[in-house]
There are 2 protein chains.
Amino acid sequence: MLRGFFSVPLKKSKEHKNMEFLTGAVQKEDLGIAEILAGDYEGKNIKVKGAIHTIRDMGEVAFIVLRRRDGLVQCVYEPGKSQFSVDDLKEADTVEVCGTYKSDDRSPNGFELRLDTIIILSEPAEPMPLQINKWKLNTSLEAKLNNRAVALRNPRERATFRIQEGITRGFRDFLYNNGFTEIHTPKLGAKSAEGGANLFKLEYFHRPAILQQSPQFYKQMMVGVFDRVFETAPVFRAEKHNTKRHLNEYTSLDFEMGYIDGFEDIMEMETGFLQYTMELLKTSYAKELELLKIKLPDVTSIPRVRFDEAKQRVAEKYNRQFRNPFDLEPEEEVLIGQYFKEEYGSDFVFVTHYPSKKRPFYAMDDPADETYTLSFDLLFRGLEITTGGQRIHDYNKLMEKIAKRGMETEGMESYLSAFKYGMPPHGGLGIGLERLTMQLIGEDNVREATLFPRDLSRLEP
Amino acid sequence: MLRGFFSVPLKKSKEHKNMEFLTGAVQKEDLGIAEILAGDYEGKNIKVKGAIHTIRDMGEVAFIVLRRRDGLVQCVYEPGKSQFSVDDLKEADTVEVCGTYKSDDRSPNGFELRLDTIIILSEPAEPMPLQINKWKLNTSLEAKLNNRAVALRNPRERATFRIQEGITRGFRDFLYNNGFTEIHTPKLGAKSAEGGANLFKLEYFHRPAILQQSPQFYKQMMVGVFDRVFETAPVFRAEKHNTKRHLNEYTSLDFEMGYIDGFEDIMEMETGFLQYTMELLKTSYAKELELLKIKLPDVTSIPRVRFDEAKQRVAEKYNRQFRNPFDLEPEEEVLIGQYFKEEYGSDFVFVTHYPSKKRPFYAMDDPADETYTLSFDLLFRGLEITTGGQRIHDYNKLMEKIAKRGMETEGMESYLSAFKYGMPPHGGLGIGLERLTMQLIGEDNVREATLFPRDLSRLEP
């Protein structure tokens with residue numbers, strides 16, 4: 001993985017009139033961990049760059065651990081061999097070291113470097129404010145978020161965001177492979193996709209504007225163009241919730257697909273995405289899974305249950321009734337998650353057929369009973385991580401539903417015109433990236449899975 | 001590409017207590033173009049879905065062309081064989097057809113379907129407002145943007161955004177392969193990364209907030225964590241420019257890398273990205289390149305020239321002097337592009353060593369002459385598509401530069417603290433996705449390469 005870019009020898013043509021050229025090829029002398037492990041370096045001298053993570057001075061020798069993007073490298077300082085003084089080094093220096101490779105099962109990645117020389121590339125101005133080189137950061141979430149750029153240098157802390165990369169990457173690659181086109185839709189708009197209370201408002205060159213809370217309208221319009229589309233981008237919600245699972249800005253993994261036979265196609269596509277992604281994490285993010293001791297969920301098959309049936313099963317088994325017949329309360333979602341884990345061994349469950357009155361106007365009602373919709377949520381370990389379903393594709397039906405709800409069409413002209421000129425049967429979903437990450441790593445606050453969270457009280461860093 | 005998801009037979013386990021399960025596998029009867037071409041269907045009956053793109057009624061027969069995400073499919077209606085009336089069909093119906101495969105060199109993709117049956121899946125409410133089934137949309141940019149969701153149904157129009165997908169995909173895949181970690185940084189902030197005049201302002205729960213005009217500060221902070229990071233996300237600029245090359249919201253392809261030996265490493269990485277991406281376009285987006293008659297630029301090597309030398313060469317060759325000695329005017333960039341095309345046959349040129357006073361405070365000054373910076377722009381066919389360079393990594397030097405410029409550090413505490421606690425030598429760049437796309441497809445207005453552009457007068461659709 002670290003080869004490729006650096007594997008072609010430097011070759012700068014200077015033939016034309018003393019002009020220098022870039023050729024996309026740089027030969028670097030310093031090695032990455034994968035390169036070292038792939039080579040045969042026993043007893044040989046190699047060069048490595050990294051940040052000084054820890055220094056343990058044992059008197060006769062000192063162990064200096066370097067932190068790199070690809071892991072930790074243990075270096076051994078030995079007076080006599082090493083041509084520098086360990087006293088000149090401190091934590092958070094970034095350095096280039098030269099030393100002799102020696103296999104050592106006790107060291108990270110199974111080797112250590114017996115140091116000859118060191119070059120200090122940069123130095124910190126002050127001692128570290130957090131002990132990032134502890135195995136586990138012994139710090140409150142609040143303190144971690146306040147010092148995010150430093151706290152994340154802890155290898156376990158940063159691993160969460162490598163896992164998050166794997167999820168996003170799995171989402172995109174799976175959809176590319178299934179004929180989806182990636183789109184970039186605007187976040188600034190004149191009107192919102194859905195509802196108005198939860199919108200951030202701003203002035204756009206003397207006109208009122210909003211930040212989109214979802215790419216919903218745009219991705220539906222683009223189904224008429226590309227049949228299948230997806231987007232991975234920020235969404236903005238001015239909700240005044242201050243809970244462990246709400247953010248005011250988050251990354252939404254959205255897709256929308258046309259020519260479906262039913263909303264089951266959407267659920268199958270999501271199941272396929274989860275299968276693909278768990279496999280990708282297993283193969284390409286094994287180090288991070290190991291660091292965080294994550295056991296990936298089994299996604300071979302995911303049960304589906306109707307909303308009303310889920311309510312009933314949970315009420316019966318746990319002897320609890322919930323007040324709201326039209327929605328699931330968070331505690332109810334937790335119990336549904338528990339139920340399907342206990343009864344079917346599944347960490348996931350699709351809850352289908354949500355009541356029409358709790359779904360947006362564009363949701364397709366179930367022809368068998370129009371008080372319910374052909375929609376679903378996906379719960380993962382008791383938390384909603386996806387909302388999706390089939391949408392109304394017929395222009396006249398869409399206009400009827402809008403009229404029935406007493407809604408205005410102002411600001412929806414472009415959206416509606418896409419339907420006026422024909423749209424295939426379609427549906428889609430939105431996945432909260434941070435929530436999915438949080439559930440996968442087993443944290444109980446979504447801020448743990450957000451690089452720089454935005455909530456009621458946090459707008460910095 | 002279209003197989004995979006649909007290739008496994010449907011298998012829904014109903015063993016547990018009447019529970020239904022999703023398995024990520026759906027067997028669909030309808031085929032995609034790639035599936036059809038990969039099979040042996042001569043004389044056989046197959047099923048295809050799509051939108052009716054054109055109907056040409058020739059009296060005895062009628063040609064019905066379907067538009068799908070993967071291309072056009074020609075169908076032939078023959079009274080006698082076809083068990084429906086062509087009069088029941090109209091443009092923009094979406095349909096499922098069943099017909100006999102027949103090789104035909106004159107048809108798109110080399111085959112046609114002799115129709116037996118047709119099922120209408122959805123119908124438009126009104127006739128099309130634009131003739132999207134013409135080879136070239138004969139419409140003004142303004143009209144196309146007003147009817148974006150319809151205009152993009154034209155195969156050539158939509159091809160631009162497939163090319164754009166290829167660029168974004170190439171950027172990410174190349175960087176994944178080179179050890180970069182993808183990050184998602186917040187677009188809502190308390191202070192801006194750079195400068196204040198060009199910021200959109202809004203109210204965030206009774207506090208003043210801004211939309212980030214760049215992920216600059218965040219990606220630099222994350223270099224201290226992951227060594228190499230990238231982001232592909234929207235940025236927001238409240239600039240009052242109303243030109244063919246400015247947008248108020250665009251997609252920025254950003255990366256930042258640590259442990260560099262010089263800013264040449266950044267330029268080499270960009271050159272590598274361009275090489276990788278042109279290859280990806282050639283292999284995976286050949287249809288779209290063909291549709292748009294795009295000749296990909298040669299990126300084997302890219303010349304680099306100092307800012308002052310570029311100015312001088314252009315002034316000499318074209319006998320023109322430009323007034324601003326500290327920056328390049330757009331016309332000057334065009335001439336530099338022309339110069340390097342004529343003299344070195346290159347569509348690209350790196351212009352390096354921009355004057356310090358025109359670069360942000362974090363740019364690293366050239367130790368050889370501090371009035372210049374270790375920075376660059378990449379020009380593509382005479383237009384700046386990238387700005388990048390080495391950054392100051394030493395906390396004290398950064399503070400000195402801030403003081404020298406008379407800047408306040410308020411709101412930059414988190415950014416600065418990342419440096420206080422040590423940062424490796426690093427640099428990076430930002431690429432304007434829409435500008436790169438525009439230059440590649442040979443358009444002269446960036447709005448042609450923007451799905452839903454946002455400019456001084458346009459906030460919808």
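The backbone N, Cα and C atoms fix where each Cβ goes, and this holds for glycine too.
Heads up, TrEMBL stuff is auto-annotated, nobody curated it.
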One of B:GLU203, B:GLU288, B:GLU290, B:GLU384 listed by TrEMBL as binding ATP at the site of B:ARG237, B:ALA238, B:GLU239, B:ARG245, B:HIS246, B:LEU247, B:GLY432, B:LEU433, B:GLU434, B:ARG435: B:GLU384
Per TrEMBL record, range annotated region 'Aspartate' [choices B:132-135, B:216-219, B:256-259]: B:216-219
For B:ARG435 (ATP binding site), the number of other Cβ atoms found within 10 Å of its own Cβ: 21
Reported mean pLDDT - the region 'Aspartate' (B:216-219): 98
DSSP state at B:PRO108 (site 'Important for tRNA non-discrimination'), helix/strand/coil: helix
Local backbone state of B:GLU239 (ATP binding site), from DSSP in three classes: coil
Local backbone state of B:HIS246 (ATP binding site), from DSSP in three classes: coil
Cβ-based isolation winner (fewest other Cβ atoms within 10 Å) among the recorded positions B:PRO108, B:ARG237, B:GLU384, B:ARG391: B:PRO108
Cα distance (Å, whole number) from B:THR387 (L-aspartate binding site) to B:ARG435 (ATP binding site): 12
Top Cα neighbour of B:ARG391 (L-aspartate binding site) in the set of recorded positions B:PRO108, B:GLU239, B:GLU384, B:LEU433: B:GLU384
Among B:GLU239, B:LEU433, which are binding-site residues, the residue with the most C-beta atoms within 10 angstroms of its C-beta: B:LEU433
